[in-house]
Amino acid sequence: QLDPENTGFIGVETFASLVHSHELPLDPAKLDMLVALAQGNDEGQVCYQELVDLISSKRSSSFKRAIANGQRALPRDVLLDETGLGIYKRFVRYVAYEILPCEMDRRWYFYQHRTCPPPVFMAAVTLTQIIVFLCYGARLNKWVLQTYHPEYMKSPLVYHPGHRARAWRFLTYMFMHVGLEQLGFNALLQLMIGVPLEMVHGILRISFLYLAGVLAGSLTVSITDMRAPLVGGSGGVYALCSAHLANVVMNWAGMRCPYKLLRMVLALVGRAVWLRFSPPLPASGPQPSFMAHLAGAIVGISMGLTILRSYEESLQDQCGWWVLLLSYGTFLLFAVFWNIFAYDLLGAQIPPPP
């Protein structure tokens, strides 16, 4: 009677009046969860199938989310559009709209956000990259295309195929940059995208995503281009950018960030356009590695959809997370054996390390 068109949905107010008028013997906690489910859709409607699942205590993913939402003690006066906020609170509100697709998640994040712990990982990585760049710039008296100085490539941080046994270089190359242009591009994206992501999703998820992109970049280059050295944190940056882009696309209707697709496309292809139309680099030195960028983007798209899907849901409870982790572990294992055995078996002509 309440759903004459057989849509499977009725308004939450209609359902509430039905419960009160007929005194249905439903658990109040389950009713709260059902209301949380109704608030999770755009029109605020109760789904019949979700009601059936609720009564039968089935634990679907939406039901688990409803439990988490129902356990939130969110005051009614928490409004994202309130006026008179301080600078930091306005920034938190901006981050909520920029990163989270669900209005309830935005309000909950805005309400419970604390300044401690601060987003220290992306800030620390960016600061370290700037310090390393300044130290080498002062030492070599060279601020543009530093990699074309012979002493620069002798750094123990640079990845070079002749130094594959020094495993730390597969990660520490992210602190070295070709020159001011590459450093500025990476630092800008790390602060504009990485810091908001870390504020919402936490240091563990974002640091894992960033370092996974960095490591995948160097290992992919070691497989596809055995003669190439590597510097720069672009693998990690592209992992962050592509993860956020995938999250925006998958939750397009719910995202409130302005110019959402345009800004992310510019972020991903801006450097490629710069390299295309900028003056050519000297042929005698290292050239940009597009495989590192591609590997970082693949890591971001694949892992980002899982890591950024819900900022409160535990990764251990997600089946897709374990599939991705197993796939990434398999790639790492293959890359390790490749670096140990393939160079000798294929007779790769490695340039002498500096």
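Cβ atoms here come from the backbone N, Cα and C positions, even for glycine.
Lifted from TrEMBL, the feature list:
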ACT_SITE  SER234  active site, nucleophile
ACT_SITE  HIS293  active site
DOMAIN    166-309  domain 'Peptidase S54 rhomboid'
TRANSMEM  120-139  transmembrane segment
TRANSMEM  170-191  transmembrane segment
TRANSMEM  203-223  transmembrane segment
TRANSMEM  235-254  transmembrane segment
TRANSMEM  290-308  transmembrane segment
TRANSMEM  320-341  transmembrane segment
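Of the recorded residues, SER234 (active site, nucleophile) and the residue listed as 'active site' place their C-alpha atoms 6 Å from one another.
Counting other Cβ atoms within 10 Å of each Cβ, the lowest count among the active-site residues SER234, HIS293 belongs to HIS293.
When Cβ-Cβ distances under 8 Å to the transmembrane segment (290-308) are tallied for each of 203-223, 235-254, 320-341, the top count falls to 235-254. When averaged over the domain 'Peptidase S54 rhomboid' (166-309), pLDDT in the model lands at 80.
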